[in-house]
Amino acid sequence: RIRYKGIVCDRCGVEVTSAKVRRERMGHIELAAPVSHIWYFKGIPSRMGLVLDMSPRSLEEVIYFASYVVTKPGDTSLTEKQLLSEREYRQLKAEYGNAFEAGMGAEAVQTLLSNVDLEEEVTELKAQLREATGQKRVRAVRRLDIIEAFVKSGNKPEWMVMDVIPIIPPDLRPMVQLEGGRFATSDLNDLYRRVINRNNRLKRLLELNAPGIIVQNEKRMLQEAADALVDNGRRGRPVTGPGNRPLKSLSHMLKGKQGRFRQDLLGKRVDYSGRSVIDVGPFLKMNQMGLPRPMAMELFRPFIMKELVKRDLAGNIRAAKRKIDRHDEDVMDVLEDVIKEHPVLLNRAPTLHRLGIQAFEPVLVSGKAMRLHPLVTEAYNADFDGDQMAIHVPLSDEAQAEARLLMLAAGHILAPKDGKPIVAPSQDMVIGNYYLTTEEAGREGEGMIFKDVNEVRTAYQNKYVHLHTRIGIQTASLSAEKPFTAEQRSRIMMTSVGKLFFNDILPADFPYLNEPTEANLHEIDNRFFLEPGEDIKARYAETPILPPFKKGYLSDIIAEVYKIYKVTETSLLLDRMKDLGYDESTKSGLTVGVADVTDLKEKPEIIEDAHKQVATVTKQFRRGLITDSERYERVIAIWNKAKDDITEKLIEHFEPDNNIFMMSDSGARGNISNFTQLAGMRGLMAAPNGRIMELPIIANFREGLSVLEMFFSTHGARKGMTDTALKTADSGYMTRRLVDVAQDVIIREDDCGSDRGLDVSAIMNGNEVIESLYERILGRYAQKSVFEPQTGDKLVGHNEMITEDIAKRIIEAGVTTVTIRSAFTCNTEHGVCVRCYGRNMATGDVVEVGEAVGTVAAQSIGEPGTQLTMRTFHTGGVAGNDITQGLPRVQEIFEARNPKGRAMITEVTGEVTTIEENPADRTKEVTIQGETDTRTYTLPMSSRMRVGEGDHIHRGETLNEGSADPKEIIQVRDTLATENYIVLEVQKVYRMQGVEISDKHIEVMARQMLRKVRVMDPGETDLLPGTLMDIAQFRDANEGTLLKGG
């Protein structure tokens, strides 16, 4: 290799050495005239402008040769940095000669920058800050900030103007020869070429002593070429290539999603990974996945080669490689052993929360599709209609241990967002267990009494009884560990054949489940046992049928089992529940036929009645009794009521064994609205602009739609599709911003010692409970002890964790407000403490120090974002203002924007004396008489008032319906009230859409929103007025000054 060292090819002048140098060696262009760096001149705020105290516009005129700037005023009446036009410059030159100096372009700016005395500027600015106010003060703070940064870093301001431009190595701006002798090249080469050409031309012009105006023009063009190279399009029109496409400059190579950082450094492709279509693997255990053999051979290739050599099945690595390529028998045997105990990671994009990547143990399967356990589909939000997933192999022992201990799918049973099971049976598994636990009166063999489960099984197999038959069984024959009382054990228990089989899959000492109630999860009621000598058939004749176990109840069972037995037993139960569900749903033969969609006799009558009501409303409008918007509102309400009536009647007419009804009732698939559209009426549709159309679709899918109805229907359907696509992108972007804000919030210590807390009560919307007190206090630490109001018994002590049992007792005692430790009142710097956070929702245990709760919070809020609606409700202007809901409302809150449909907040406590309407400018004026002063507020005429004349109102309350602005709340009240408001508002949006999120996640985000303070008066600290800083730094600065005696 050394043989050719230093030799240069005499044909093309290239050194003979390794090709790697094409990625390392840089060149440079020595410029014939300095050029300003566009980042420092055009950035916001303009760094050059701040250092020189010139406006960016003036700077631009100088740099691009439109004006002269005075660099040395000498003994003239001019001042430094004064701008002169061409004409003024000539006149002054004629008048003063060489007594002053002025220049143009980056050269002049470079001179000005080198004249700046940084130390002196710092002293002057600090003096200015003591007296300046308003905008002057803001400007001074900004200048001081940047000049101090220059002083601290040791950089010189004149370095913002370049004399030399570096050229990046050739391999980073490649040039490729295409067929036909043409070349494809990186845009950077074009941009560099422009700079070189203009620089060479300028050099030549300078050597020829060309006229000043030509040189100036060439310098300006060089400046523009350098600008385009660094950041094309930042100033003026971008330089374009063929087909009018803007060229990609150095800045574009770095920034954005496709830039160097996000695309290539954070988003590298990794080896030992693959992707394939996924298919369902009902035969798998909870922590397994099916890996196709060809994929396994490729992913585990080095491991297989090592093992082949180790077992002497191949002489060396090369021979082992050949064996693998030939698919030898030996290789298959070795593969089985290699993948044993070696977990792999499965990921499905988009990875919205941490359950989007989980670890599994691979099991070899035939075919080319990876097999996924049906219960983890919900966490991945995967289905099997062609979804693909990526697989990664952890290589090092540490990575494998981490995958096994922390990421194995069997351990992720609860969702981090709300602590409810995310691994729960769905679809076939639900319908199977629903069918199994259904009871029917009068089925064959009803009232038979059996000795034990085996006898029941034999009777069922020989068709003496049906799964739905209600029977009796000797309780003593059931597992001795079941928590029956001694009296219950001595009696006969009433249950159904299916429920007996279902209870077989539960842990041995779990209560026998006979009815889907919360109480039955803890103990079985005495009413299911026969009195000695009682006739079972007579008892059954008067006993109503118990409902079957639906999806929600199966989830409750899992949650209860997880609480008592933790991970291992729960994952075993889940597998048993899955197998039983698949078996029984297959045996049940449930299906959907056109006969299941029954006609509704009362429909024509309901529709006719609605038409009459609409005609009446239209008549009232024509007579001028109501406005157009009122007419529209009423018509919409009439048709909605008609649809609701039809739905109600359909439910009444349902046969309990109707297959579609069973699917919807069990929670397996579909809901009552789907059924209404099949058998009732399609209802109102949204127009493309989001407004609801007055003409409903009266037909249902069974009858078939008319052409016009079909046209309306496609309108609504298309809007739904576009909304979903937009929502996904919006929600993903919101998650990214939330993570960005909260990623450094980590549990730092056990107890911060905070003596403050947050008073919580149920979140209400009118009379509707949005989030109960039980949910809000569960898994939190109490800040103050809670006592039973009647007896005075202590329910929970100070700094004690509120468990399910304690929370239940608090609710039963009738307590409505509890003071809890909260992230809002936590004193921990750069994070939260264990006590202020409480329970980790994903494990059900107290959170551990080091847990990244900020990221979990951001993911928990962002992940359900796709389920929120996109629309701002267009009410047709009836309620005055359109209210923002769904995802846009959540973004509005977290970005602290001025809300749409703003509610006015009163700044005084007092009485509403008058509400006057001004029809001329369509406003209302509300006057409030406080104790010391009177305030008048102007509201739009269409506002819905929350107060009337004579009402007493407190400071910080709203006068009209709508969303309060958090920025106003913080001014009128305090930070705690603002943080509380953010939690309430975000919860309202999510809960209205049926999405449950734990308060603590929103608290973490709200705390981050209010972390920064702006220094108004620095006092005796070293802080600069107007600077934004972290509240912890602010406290430290104050404490430090106090300790020094300030």
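We count from 1, first residue shown onward.
Cβ atoms are placed via backbone N, Cα and C, with glycine included.
Annotated Zn(2+)-binding residues in Swiss-Prot are C752, C833, C836, and among C12, C826 the one listed with them is C826. If you measure from the Cα atom of D385 (Mg(2+) binding site) to that of C752 (Zn(2+) binding site), you get 50 Å.
Remark: C752 (Zn(2+) binding site) has C826, N827, T828, C833, R835, C836 as non-local neighbours, by Cβ distance under 8 Å and separation of at least 6 in sequence. Cβ neighbours of D387 (Mg(2+) binding site) (same chain, under 8 Å, six or more residues apart in sequence): V277, I278, R348. Apart from D383, D385, D387, the residues listed for Mg(2+), the same chain places the Cβ atoms of I278, A382, F384, G386 within 8 Å of the centroid of those Cβ atoms. Look at the Cβ of each of the binding-site residues C826, C833, C836 and count the other Cβ atoms within 10 Å; the largest number goes with C836. The Cβ of D383 (Mg(2+) binding site) has 11 neighbouring Cβ atoms from other residues within 10 Å, across all protein chains displayed. Taken residue by residue with DSSP, C826 (Zn(2+) binding site) is part of neither helix nor strand, so it is coil. For the recorded Zn(2+) site, residues C752, C826, C833, C836 set the reference point as the centre of their Cβ atoms, and the other residues of that chain within 8 Å of it by Cβ are E749, D751, S754, R821, A823, T825, N827, T828, V832, V834, R835, Y837.
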